[in-house]
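Colleague: Dumping what TrEMBL says about this protein:
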- 1-24: signal peptide (SIGNAL)
- 240-272: region 'Disordered' (REGION)
- 406-479: region 'Disordered' (REGION)
- 417-430: compositional bias 'Low complexity' (COMPBIAS)
- 431-444: compositional bias 'Polar residues' (COMPBIAS)
- 548-582: coiled coil (COILED)
Amino acid sequence: MNKKLTSLVLAIAIVGTSISPAIASEENKKEEVVYINTKENGDVDKMNVVNIFSKGNVVDYGDYDEVKLLNSNKKIENNKGEIKFEADKERTYYQGELKNNQSPWDIVIKYYLNDKEIDAKDIKGKNGKIKIRIKISKNTSVKNDYFDNYALQVNTKLDTEKIENINAEGATLANEGSNKLITYTALAGKGLDKEITFDAKDFSYPGFSINAVKLSLDVDIDKGDIDSKINELIDATKQLNDGSNDLDNKSDDLKSASSALNDGMENLSRGNSDFSKGVDTLYKSISTVQNGLTSLNNKSESLVNGSNEVQNALNEIEKSLNNIPTDSDRTGELSKASSDIRDGIKTLDESLSLAIDATNPKSYQNTLKSKGLDQEKLRASNDQAIGEIDETIKLLKQQLALAELNNTSENKENNQNKENNQNKENNTKNIPSENPNSGNNKEQSPQKDENKDTDKEKEKTPGENDDNIKSNDDNKESENIKTKAITAIKTSNQNADMIRQQIYMLENTKKLLQANNANIDGTNVYLKGVNDSFSQIKNGANILNTNYEKFDKEIQNISSRLTELKIQSQRLSDAIRKLNANYKLLNQGIISYTSSLAKIERGNMQILKGVEDLSTANSKLVKGSNDLKDGTNKLNEGINQYTDGVGKLNNGINEFYNETSGMDKDLNKKIDEIKKSLGDKNTPTKSFSSDKNGEIKSLQFVIQTEKIEKEEEKTESIKEKKEDKNFIEKFKDLFK
């Protein structure tokens, strides 16, 4: 089971239990206090045991080099490890110096000056950045289980008049006058590995004071209630995991659709640009046609006047058949007028051919295609883009529903977490705890904030700090597991508004594409109508041209045959009458043609104006298409970020699900391990000085490392020693 799961179970076990102090056996009244003095680096220098007995004859055992009574003048005997004396006090103390200096704990202390390791003897009095590292582990040479059953409290203090910028991670800091007290705690069997850093001037410090006391807590855990809560957590986690996997799969579809839409919008933007070029080409072509029609229309009056002149001339000829002039001037005028009319009709016919070609929808499409714009492909691309937009909108609506579903799951999970936290707070308000050193009980409640108020911590005993630090660390770690998952879920809820905006943008895009298709169809229909009108006029012009060529040929024949006029006057008279009659019809056709030509010019002007409006509208379409392309790019980037976030969310939820899925199976085993680490009141306290002493009332270890101070300070301290020492002073000597 990993560290996160262990922390969660430990938090549940500590909060949901009642802890009561263990009562030591009263059968053996002996108490032992083992005093261990070490060098600056943690190596053991000497070990003394102070044994405490009530009144009576005492037989004790210990492998001592030397023994002495501390508060009695009675005789004490040491016969190969068997100690005998008469205890004449209510509490009689005798001290024995052990031969074997094997501590249950291996202590290693290293010193660093400005990030370089330095010997303890060389660091005294130094200035600079100093780091002290203390590491405490199990001494495997000691066979008994003191390391696994005794908790540690490690203390030191630093003079803030010489030391500043103190950093001691994981420690409890308190003030004592000008000194900063630093305290670490370690549960039984855990050991310690910590660093203290600071800036020092003329460095010295009193070393470490380490107290080891037996941790014996009676823990009663309601496994049924814990199992119920764990099962609820597992069920909720499974639902969350399933929903997250579904969301991740759908987000991949959304990402693919967004990419396709982005490519489609790129093609649409290029197509609109090409279409704009085609519209510009159409405008220029129709402008050319308009100029031709305007030129023709401007000549219509001359054509009508010329035709009237021909009609008048024919009338005159018809009236003066008998006096037909034969001079060349009149004949030339008639021939020239007929030629002008013939050329005008031919020009009209050619202009109409150009107009028909220019307004032919197929020709218009081919012109656009030669410019790089295929209307059929553009329309097909629009239809495809509309289909992709419909599919994307469908996917976005599904994502919106899933986001709203996750929001509901999040509210449910938050309410459950709030209820669980409230229950934990209510259950921990009356938890008693005992300080193994002082025996004074104080009440405290767990807090999620690890940075406790310094004044409050100064009032708490080491035992209480021990419990609080472990519980708060583990509670915080377990809460972080849920907080990571819930925080990740909230990121998906913030996307709901974005998804709604994306749906709105895509629906407007669809309307724009549909309008573009309608514009293409409308242009083709309009051009077909104009082309049909030009074709009808062209048919009439063809007839006019054919008939007038015949007429002109007759005029030219008349001109060449004027010399024979007199001979053939009767025949000419008939021909002229016939010609005059036919020309009246032709003249009416010319008048009708010129009138229609004016209408055609006005109609083409309207076409030109329409194409001009189309060009303006298409410019806006191109700009809108480019803006839409930019928006689609941003949308695609946003969707990519969204899908990446969903992927990370899914990975985190899967990891959380995997960590919690087997929790119910390992829970009982882990609770038993926790209970074991907290100690058992039924575990007997064994004598450290000798196995022959068997079970005793109590055993405590007091370890003092050598202080670091300059030589003059040590000399002055030695001079202050008194030769006549009382009991308290003898106690103090144990640490010198």
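Cβ atoms are placed via backbone N, Cα and C, with glycine included.
Quick one: how deep are these features, and who are their neighbours?
Modeller: Long-range contacts of the region 'Disordered' (240-272) within the same chain: residues 373, 377-378, 381-382, 384-385, 388-389, 391-392, 395-396, 398-399, 402, 405-406, 409, 413, 485, 489, 492, 506, 509, 513, 516, 618, 621-622, 625-626, 628-629, 632-633, 635-636, 639-640, 642-643, 646-647, 649-650, 653-654, 656-657, each at least 6 residues beyond the stretch ends and with a Cβ under 8 Å from a Cβ of the stretch.
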Colleague: Report the DSSP secondary-structure composition of the region 'Disordered' (240-272) as helix, strand and coil residue counts.
Modeller: 33 helix, 0 strand, 0 coil
Colleague: Mean pLDDT for the coiled coil (548-582), as a whole number?
Modeller: 74
